[in-house]
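> Questions regarding the structure given below will be posed in turn.
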Amino acid sequence: MSLLLEPSQEQIKEEKLYQQMGVSDDEFAMIESILGRLPNYTEIGIFSVMWSEHCSYKNSKPILKKFPTKGERVLQGPGEGAGIVDIGDNQAVVFKIESHNHPSAIEPYQGAATGVGGIIRDVFSMGARPIAVLNSLRFGELTSPRVKYLFEEVVAGIAGYGNCIGIPTVGGEVQFDGCYEGNPLVNAMCVGLINHEDIKKGQAKGVGNTVMYVGAKTGRDGIHGATFASEEMSDQSEEKRSAVQVGDPFMEKLLLEACLEVIKSDALVGIQDMGAAGLTSSSAEMASKAGSGIEMNLDLIPQRETGMTPYEMMLSESQERMLLVIERGREQEIIDIFDKYDLEAVAVGHVTDDKMLRLFHNGEMVAELPVDALAEEAPVYHKPSKVPDYYKEFLETDVPAPKVEDAKETLLELLKQPTIASKEWVYDQYDYMVRTNTVVAPGSDAAVLRIRGTKKALAMTTDCNARYLYLDPETGGKIAVAEAARNIVCSGAEPLAVTDNLNFGNPEKPEIFWQIEKAADGISEACNVLSTPVIGGNVSLYNESNGSAIYPTPVIGMVGLIEDTEHITTQHFKAAGDLIYVIGETFPEFAGSELQKLTEGKIYGKAPAIDLEVEQSRQKALLKAIRSGLVQSAHDVSEGGIGVALAESVISSQRLGAHVTLAGEPALLFSETQSRFIVSVKKDHQEAFEKLVKDADLIGEVTSDSVLAVQSQEGQQWIHAQTEELESAWKGAIPCLLKSKA
């Protein structure tokens, strides 16, 4: 829209044009009161993105305050581009997770690709070199042609961006449920390494210092992307394809290297990614955090399209752009560095002392707004909360143990379920070995990367079983954190901290807001008990399509520290003759389980219980045993229960088997009782291990016959399956489903 065609201030108010930008009548009245006048078109556009849920967290701020954010190792908590945790020796790990859900539903390749690009920029804007990317993905049932298309394109987008930029994509999770049919979830996590002295903040300090724009030119892609991400999906969402950004990983690679070089210069005062809301959020947030203001001349903004208006320039979410604040008089040093990488670096403004964002275009001031009103003073809503009727019903519903007539066939069917099946089809498209630091590749409980020049390594994972959260958000929230920590411990690492991605439906619906509140309560309690503070994250609400919400899906990203690479552990059995233990009791808990979905086609009932004190005790004991050199392999028991955990432990290049004896009914093989592990131990270490891990029960032995044999204590054979048969079912499921015609 040309400046001449933009509506007047009076038109904006009288015709309520602000509503099209997601601004309510009450919010418009607040804006008018703050300014003491009517906003113009550029100004209301700026307010609309800064006050969107995506940027302001106006519906979720009261919830986020519940999370523990401090800890002995925490160097930077929520509020910056990414959180930072000390790992000793003057080093720190930087990590964060973010969503790109709505864009990926409309334009899956670019939506996923730019999600990866954005989270990488958040990490290197802190001064860290990104070392790994993970992702947590949710789709509808893989029998749907539309879902197959979204799945293939999202994975291709992640691979296309990550592989080109040279950062390994090392892990994550993919789950499939009907509720994600119209609203897939694409959450990307990035992990980086930094020395303490290189930590940078996104702050515009120093009156008179230069504001510099670096990176790609600004186009019209992604305008109102932040607003789009704060709405429900509908049949009309397809029309908002222009709100999806377009990425260039080769440009990002150059930008990454240039920024890491600039960070070494003391001429750099502050740096921030132009992410959601682009130039608007980066300038307003950097000024607000520093207690300063910013003036910019928009005529100087590098543009790849002609005739762009101030509104378009400020709201564009074109990718691969950063905003820097440089010491006055030292601009050329920075320009020279970016020039070396063939990147533009342009002085576009300066820092002021009056806490105002002033924008000039063609010699005229086109916006004058208080930065704190934009960045810190968005309205905060305490939404009404209501217990859903379905939850009350589930509490009263008895869930009978499913009848398992043939345990072997049931196991094979479970291994073919897309949520359980091997994700090799996915990660084979990712370059997970680039930079050669990946020690444990995708396919185990957590990915592990060594830290060069030390004996240390980092373990990383993403986790969330949304079915449990649907049944009981508070219990499910606890389980999400506990399972992430379990996966970290099974790799030989001590859990350090959490980054969370809260994916929920429309918070204006009281039943949905109740889910958000309860899930946050569960996550907070688990983080407190397990000593894993929340150092940052993302909130993605309005994940609904045509009025139907996704399951509550607060994805937990977690990083752990391995002090000595000799302690690195994987889930695969290592040698015939090793003893197999299960840590933890098994109860008939099938609500929300893969077996329940397989046999009944739906999930219902009371979520599996979790005792966080027991969870912590078992994790500590297992980690101590691993660090003492007593454990050959460790695998957490999750979807599909002990049966699936045993199958996954025998499926490895060594083609080992396992002979196991269990108590109870065959269905218990597939119960999803929490806080359990499958562990293998050398016979020489039996006494020491049992002394250390009190909750461990000896259930069998690793064998060389490539057979998984499971029998009852009375000697009744439940399962006798060749490892090759299990592997074929597990590895072949997703490729087979993708080839099939619906």
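Using the three backbone atoms N, Cα and C, a Cβ is placed for every residue, glycine included.
Annotations per Swiss-Prot:
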| type | residues | note |
| --- | --- | --- |
| ACT_SITE | His54 | active site |
| ACT_SITE | His100 | active site, proton acceptor |
| BINDING | Tyr57, Lys96, Asp500, Gly537 | ATP binding site |
| BINDING | Glu98, Asn538 | Mg(2+) 1 binding site |
| BINDING | Ser99, His100, Asn101, His102, Arg121, Gln245, Glu317, Ser318, Gln319, Ser540 | substrate binding site |
| BINDING | Asp122, Asp273 | Mg(2+) 2 binding site |
> Between the Cα atoms of the residue listed as 'active site, proton acceptor' and Gln319 (substrate binding site), what distance do you get, rounded to the nearest Å?
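Approximately 13 Å lies between the Cα of the residue listed as 'active site, proton acceptor' and that of Gln319 (substrate binding site).
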> Could you state the whole-number distance in Å separating the C-alpha atoms of Gly537 (ATP binding site) and Glu98 (Mg(2+) 1 binding site)?
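Between the alpha carbons of Gly537 (ATP binding site) and Glu98 (Mg(2+) 1 binding site) there are 6 Å.
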> Based on Cα distances to Tyr57 (ATP binding site), point out the closest of the binding-site residues Ser99, Asp122, Asp273.
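Closest by Cα distance to Tyr57 (ATP binding site) among the binding-site residues Ser99, Asp122, Asp273: Ser99.
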> Take the mean position of the Cβ atoms of Tyr57, Lys96, Asp500, Gly537, the recorded ATP site. Which other residues of that chain put their Cβ within 8 Å of it?
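Everything else in range on the chain: Leu64, Pro78, Ile97, Glu98, Thr499, Asn501, Leu502, Val534, Gly536, Asn538, Val539.
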> Cα of Asn101 (substrate binding site) to Cα of Asn538 (Mg(2+) 1 binding site): how many Å, rounded?
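Rounded to a whole number, the Cα-Cα distance is 12 Å.
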> Taking the Cβ of Glu317 (substrate binding site) as centre, how many other Cβ atoms lie within 10 Å?
31
> Using C-alpha atoms, which one of the binding-site residues Ser99, Asp122, Asp273, Glu317 comes nearest to Asn538 (Mg(2+) 1 binding site)?
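Minimum Cα distance from Asn538 (Mg(2+) 1 binding site) across Ser99, Asp122, Asp273, Glu317 lands on Ser99.
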> Identify which of the binding-site residues Gln319, Asn538 has its Cβ surrounded by the largest number of other Cβ atoms within 10 Å, counting every protein chain shown.
Gln319
> Glu98, Asp122, Asp273, Asp500: which of these binding-site residues has the sparsest Cβ neighbourhood within 10 Å?
Glu98
> Could you check the binding-site residues Ser99, Asn101 and say which one's CB has the fewest neighbouring CB atoms inside 10 Å?
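Sparsest of the binding-site residues Ser99, Asn101 by Cβ contacts within 10 Å: Asn101.
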> To the nearest Å, how far is the Cα of Asp273 (Mg(2+) 2 binding site) from the Cα of Ser99 (substrate binding site)?
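Asp273 (Mg(2+) 2 binding site) to Ser99 (substrate binding site), Cα-Cα distance: 16 Å.
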> Rounded to the nearest angstrom, how far is the Cα of Ser99 (substrate binding site) from the Cα of His54 (active site)?
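Roughly 10 Å, rounded to the nearest whole number.
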> In angstrom units, rounded to an integer, how far apart are the Cα atoms of Asp500 (ATP binding site) and Glu98 (Mg(2+) 1 binding site)?
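Computed Cα spacing between Asp500 (ATP binding site) and Glu98 (Mg(2+) 1 binding site) is 8 Å.
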> How many other Cβ atoms are found within 10 Å of the Cβ atom of Gly537 (ATP binding site), counting all protein chains shown?
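Total other Cβ atoms inside 10 Å, all chains included: 25.
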